[in-house]
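Among the features that Swiss-Prot reports, transmembrane segment is placed at 4-26, 31-51, 107-127, 145-165, 182-202, 382-402, 427-447, 468-488, 515-535. Annotation source Swiss-Prot lists topological domain 'Cytoplasmic' at 27-30, 128-144, 203-381, 448-467, 536-699. Annotated topological domain 'Extracellular' per Swiss-Prot: 52-106, 166-181, 403-426, 489-514, in sequence order, evidence recorded as sequence analysis. Sequence annotations record features per position, and here Swiss-Prot assigns N-linked glycosylation site to N76 based on sequence analysis. What Swiss-Prot records for 564-592 is coiled coil, and it gives sequence analysis as the kind of evidence. Per Swiss-Prot, the feature region 'Disordered' maps to 669-699.
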Amino acid sequence: MAYLLTFGIIAALCLASISLYRYGNIPRQHILVTLSVLTAWCFSFLIVFTIPLDVTSTLYRQCLAEHKLALDAAGNASTTANITPPPECQEPWGMVPESVFPNLWRIIYWSSQFLTWLIMPLMQSYLKAGDFTIKGKLKSALIENAIYYGSYLFICGVLLIYIAVKGVPLDWQKLKAIASSASNTWGLFLLILLLGYALVEVPRSLWNNAKPGFTLQYAYFKAAKLSTDKAEAEEHVDDILESLQCISRVVPNNHELRPCVETIMRKVPIELQERASRNFSRTGGSGMGATSSTILPSEKALVRIHKQVIKSLQTLQRTEALWSVQVDTVLHLEDVARNIHSAERRFKSEFPRQRTQLERIFYSATLQWYWECLLKAPFLKTLCVVTATMSAMVVWSEVTFFSRDPVLSIFANVIYLAKESYDFFTIEVFSMMVLCYFFYCTYSTILRIRFLNLYYLAPHHQTNEHSLIFSGMLLCRLTPPMCLNFLGLIHMDSHIIPERMMETYYTRIMGHMDVIGIISNGFNIYFPMCMLAFCLSTWFSLGSRALNALGFQQFLQNETIATELVQEGKDLIAREKRRRQRAEEAMARRRDFNRPDPTVASNDYMNKYRSGAGALAGSRTPADGLLRDGDGSFDYAAVASSSALGVPRSLSEEINDRFGVSTQMQVGFRGTSELDPDYEAENERRIVGPPPRGLFDDV
């Protein structure tokens with residue numbers, strides 16, 4: 001009967017694995033980072049998938065208790081044997097023994113708390129440290145976290161002193177309740193911020209995505225901003241690498257700090273090193289490192305520049321990847337705008353990519369036209385109406401879930417109606433739908449959060465390890481209060497509605513939707529008001545307007561800056577299209593020139609036998625032998641060679657003959673595979689092997 005729980009565990013593991021594969025770069029990141037983030041994401045998803053089973057299990061236990069009381073009351077009221085007993089309770093789907101959920105929640109709770117408060121912060125600080133030994137990295141990580149957690153301990157000490165002054169007796173259970181309340185307080189207020197934004201932004205983004213014109217304008221705007229970010233990242237990398245070039249020239253090869261310099265240099269790609277060397281030679285070292293060009297750096301200076309190199313290279317790699325993805329998005333939207341009025345009803349792309357056999361069968365050009373140009377917009381508008389209705393229900397229930405009599409929460413009323421008929425299937429499906437919407441709103445906001453440009457989850461394997469760990473910490477800290485909030489909405493938190501229903505196993509282990517006693521007075525008033533205030537501010541785009549006023553450009557219609565950035569994005573995309581067209585033409589010419597012509601070889605073969613019989617032995621001209629018709633043997637390689645035939649060689653062949661094939665240029669774009677699939681496949685074959693060292697790569 002535990003098949004639903006097994007299915008939930010498998011679904012959580014699959015979803016976490018797919019998400020980690022999409023955002024992370026598993027072959028290149030350390031195994032400890034992969035396992036920690038996978039565990040954090042899997043446990044967070046598992047909580048969401050398992051809560052409905054705990055709810056139905058609790059309702060079933062309450063049904064058994066009520067059934068027993070009804071039987072006892074019927075037996076006491078009459079001694080006759082003809083009294084009809086009350087209907088028996090039916091077990092819900094996926095019923096498990098009573099000991100399963102308490103043990104499961106304990107494992108998830110303590111593992112998540114251990115990861116989010118101890119392991120992952122230390123791992124994050126370890127990755128950011130610029131030291132060159134394990135001991136140095138651990139020391140820097142411990143110092144950074146000691147400062148971070150020291151502030152928490154100071155606040156906890158103040159709270160304990162306050163409680164002691166109030167005369168409240170303290171024991172282990174009291175301290176555990178205080179810690180749980182503090183964690184819930186932090187999580188609930190962060191949840192207010194995320195849900196207040198997402199409950200409005202999710203339906204609005206679906207509606208805007210149904211408008212091709214708006215989507216294309218916004219894509220141009222994002223392209224302009226990404227181009228600026230990419231230029232700033234490149235400039236920052238050049239400045240840091242110029243300082244690194246100064247240090248590399250100053251530190252001699254036999255110096256004790258030379259291995260540290262080599263460790264930093266190994267982090268920098270070869271092309272960036274060559275560009276930095278050219279810039280250094282051109283400027284004569286007059287950049288950032290010129291003032292200390294004759295002074296040997298200290299180990300602390302090398303640690304500092306090592307940390308800067310790691311951070312700047314990660315930012316550059318992420319901005320380049322996002323720029324490539326954004327260019328592909330804009331080109332696709334332009335293709336949609338171009339094909340929307342097509343009479344052929346076949347989707348044609350300006351830069352077609354290689355399609356697999358399955359794509360050509362199940363997603364042909366005709367099907368793609370019907371989806372992109374005809375069906376996608378109505379589908380997104382329908383989803384917008386559904387999500388807007390769900391958002392309105394969530395906001396209303398958040399505002400009214402503290403009302404015990406009458407019950408005003410929509411979600412609580414649905415659970416009560418299903419409970420009266422013991423319709424556990426409806427309860428499970430409804431709970432899963434609501435939790436999945438909570439899950440999508442909260443986690444989609446986390447995935448798109450851009451905290452001071454340090455942590456950002458970029459798809460297509462472009463997310464660094466720091467951002468993955470940060471997202472795992474947020475999920476572990478937000479999931480318990482999010483589920484407690486849901487249990488409060490359906491009136492199954494005994495600390496909010498004590499007389500309604502039995503307590504779930506989840507609230508027994510995870511705690512209740514309580515807050516610190518100092519701020520608990522009036523919580524049922526300002527909690528809904530904060531939720532409503534954030535929703536209204538998102539509806540009127542107050543946050544975007546404030547950021548725009550502070551100089552952080554936001555996409556606001558009828559704004560001069562936004563219009564200028566849209567036009568700049570159009571120009572950048574037009575330039576990128578011309579560059580891709582030139583690259584495709586150059587590759588096509590190169591492939592055509594290097595492809596041997598079978599007609600030339602056959603003509604040379606026939607001329608050899610035609611001229612061999614009638615040629616005079618004594619009449620030789622300077623041109624004789626150019627076609628190698630004097631030999632008895634036939635050299636196919638020589639015949640097929642363009643140089644043997646007297647055809648002028650190209651510049652690339654001349655360079656290859658003089659300096660070797662390794663000097664030839666490959667024209668292409670990072671992140672695109674449609675230009676030359678053979679070249680991309682060769683690159684993939686070349687980089688296959690053991691992944692580079694990650695966490696302990698400096699040791």
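Quick reminder: no glycine exception, Cβ is built from N, Cα and C everywhere.
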- Does the chain bring the transmembrane segment (427-447) near the transmembrane segment (31-51), so that three or more CB pairs sit under 8 Å (pairs 6 or more apart in sequence)? yes
- Message: If I count Cβ-Cβ pairs under 8 A between the transmembrane segment (4-26) and each of 107-127, 182-202, 468-488, which range comes out on top?
- Response: 468-488
- Message: Let me check one thing: do the transmembrane segment (31-51) and the transmembrane segment (182-202) come into contact, meaning three or more Cβ pairs under 8 Å with sequence separation of at least 6?
- Response: no
- Message: When secondary structure is assigned with DSSP, how many helix, strand and coil residues does the topological domain 'Cytoplasmic' (27-30) contain?
- Response: 0 helix, 0 strand, 4 coil
- Task: May I have the DSSP-based helix, strand and coil counts for the residues of the topological domain 'Cytoplasmic' (128-144)?
- Result: 12 helix, 0 strand, 5 coil
- Task: For the topological domain 'Cytoplasmic' (128-144), could you work out the same-chain residues 6 or more beyond its ends whose Cβ comes under 8 Å from its Cβ atoms?
- Result: 122, 259-260, 263, 302-308, 310-311, 466, 696, 698-699
- What counts of helix, strand and coil residues does DSSP assign across the topological domain 'Extracellular' (403-426)? 14 helix, 0 strand, 10 coil
- Message: Using a Cβ cut-off under 8 Å, which residues of the same chain at least 6 positions beyond either end of the topological domain 'Extracellular' (403-426) come close to it?
- Response: 55-56, 59-60, 63, 89-90, 92-93, 393, 396-397, 434, 486, 489-492, 497, 499-500
